[in-house]
Protein chains: 2
Amino acid sequence: MEQVRVYAPATVANVACGFDIFGFAVDRPGDEVVLTKKDTPGIIISEITGDEGRLPLEVHKNTAGIAIQKYLEHIGRTDQGFTMALHKDMPLGSGLGSSAASAVAGVFAANELMGKPLSQKELLPFAMEGERVACGSAHADNVGPSLLGGFVIIRSYNPLDIIEIKVPEDLFATIVHPQVEVNTKDARSILEREIPLSKTIEQMGNVAGLTAGLLLSDYELISRSLEDVIIEPIRSILIPQFKEVKSAAMAAGALGCSISGSGPSLFALSRGLETAEKVAVAMTGAFKDAEIESEAYVSGINQRGPVVS
Amino acid sequence: MEQVRVYAPATVANVACGFDIFGFAVDRPGDEVVLTKKDTPGIIISEITGDEGRLPLEVHKNTAGIAIQKYLEHIGRTDQGFTMALHKDMPLGSGLGSSAASAVAGVFAANELMGKPLSQKELLPFAMEGERVACGSAHADNVGPSLLGGFVIIRSYNPLDIIEIKVPEDLFATIVHPQVEVNTKDARSILEREIPLSKTIEQMGNVAGLTAGLLLSDYELISRSLEDVIIEPIRSILIPQFKEVKSAAMAAGALGCSISGSGPSLFALSRGLETAEKVAVAMTGAFKDAEIESEAYVSGINQRGPVVS
């Protein structure tokens, strides 16, 4: 194989109570990488579309470029060169794991072209290196679900321990991206560094509840557990109309609604596609009430991760 | 029915990472209440055995007495009087939920004699009131599993939301009670009131991992998740020989080992009865190395809660 086209899914990290430890993948939006072998060593980024000219073409500044570079070093094949075209099919800085999806698509494509010497899960550290460039730290709550699909728990970062769990079949996600921007680094810097023990306990209860709710297909328990008492009260300040949009989602029947990643996108989970679509209408409507344009995506929980397209 | 004899099980609260939110019941030790109807209103505690004379006979100072009193008020039957005998079949102040077991046995016995107007789960608030007397606050991580059996998650205290989850069949608990004493109020007062966000995240990862490990019968995941980075490092200081005993448990094959409740008892979880028994020998041996006598109990996870005996 000389060329491969790979689509990697967007992801919702944090998932209310699960700051840095929960994430899930959706079917759309996502990022596409077209990777082509070339005869000489080195990676060249030939084009990036859909980024409004904002992403660097230099390999060492690009999440996918770095991920591929680290991968080649690991398998001892820096002699193999690639030309990469990157098509962003989702907004940058939206809280939907845009940089993670690019890194995952890139490293997955490279592994395909090299004859799959590594398993899908073994690609994770290289995609995380890409994330380090974008966010300043190597988080796994976007690259994990984008690479593996489904809902993941990052039990531990050191050593890395990622658990994939099944979700109820009738669980659907609504993601709404408003036309405002939040920088991930800013969104992290405003967080409190010390958490009251009482809030830690409350959050742990919801983390346990959400994990059990998903594994037991208990929608009521999922709904009760989709509460974030630590991060959301602070980060939601950066998102105009947050309260109104969340209220609209809940009134339309969502099981829960919170910030996707570090925002400004919001996600909601619902039982059934029909409800998830009603929730999308309600959420975009609530943004529109404040004259904020937004785009909505409705999908099941993506169980596949990246696909050759 | 004029008289009933009820045995309620001891419990392990906290369970490593799950401070205030996890607890499970064991088969032994436990507390026994013999409750007898009497013709006049009011509760009389006729005798308490096994407490070395340390527990008060006054109803309003006794966890079981208070639990029964609150229960009678709730069902509007304060006209019914009882005589209660309480047999402590476990050490006081051991971290095994001694006060909780008494409260549960008492209120369960009263409900039996009144013709079961309330369900087992509905008895929880009254048993918690008993706990308030003993601990100064109404925790549910001992009364919950003692009353309901099995492994419980307390997702929320306000409103109270308790989830019972199934555990793998081959999971066994070892509990070792050393002859030293820790006051629950002291053990709580030495805790930090503010937790670094990084430690909160680490703990949440283990909470999610333990919940998933139990539900998926993944013993390896249970083992990796039985880590407490918040409470154990502080409370273990109060328990002589803690590190040595924990190391002995792990070397003998335990999945994990930590403090039971607020100590000084330690618990370990193991796969298989045989390993749990080896772990008991190793733990008591490690206490003995420091000339500390200890008593060990090995049992499966109690799935029944209180029983009429």
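For all residues, glycine too, the Cβ spot is worked out from N, Cα and C.
Where the annotation comes from TrEMBL, it is an automatic prediction and has not been curated.
So that you can see what the record holds, here are the features copied from TrEMBL:
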| type | residues | note |
| --- | --- | --- |
| BINDING | B:Pro91, B:Leu92, B:Gly93, B:Ser94, B:Gly95, B:Leu96, B:Gly97, B:Ser98, B:Ser99, B:Ala100, B:Ala101 | ATP binding site |
| DOMAIN | B:66-150 | domain 'GHMP kinase N-terminal' |
| DOMAIN | B:214-288 | domain 'GHMP kinase C-terminal' |
*Around the ATP site (B:Pro91, B:Leu92, B:Gly93, B:Ser94, B:Gly95, B:Leu96, B:Gly97, B:Ser98, B:Ser99, B:Ala100, B:Ala101), what further same-chain residues have their C-beta within 8 angstroms of the site's C-beta centre?*
B:Ala10, B:Met90, B:Asn142, B:Gly261
*B:Ala101 (ATP binding site) has how many other Cβ neighbours within 10 Å of its own Cβ?*
32
*Counting all other Cβ atoms within 10 Å across every protein chain shown, which of the binding-site residues B:Pro91, B:Gly93, B:Gly95 scores highest?*
B:Gly95
*Give the number of CB atoms, excluding that of B:Gly97 (ATP binding site) itself, located within 10 Å of its CB.*
35
*Provide the number of Cβ atoms within 10 Å of the Cβ of B:Ser99 (ATP binding site), excluding the reference atom itself.*
25
*Count up the helix, strand and coil residues in the domain 'GHMP kinase N-terminal' (B:66-150) according to DSSP, in that order.*
46 helix, 8 strand, 31 coil
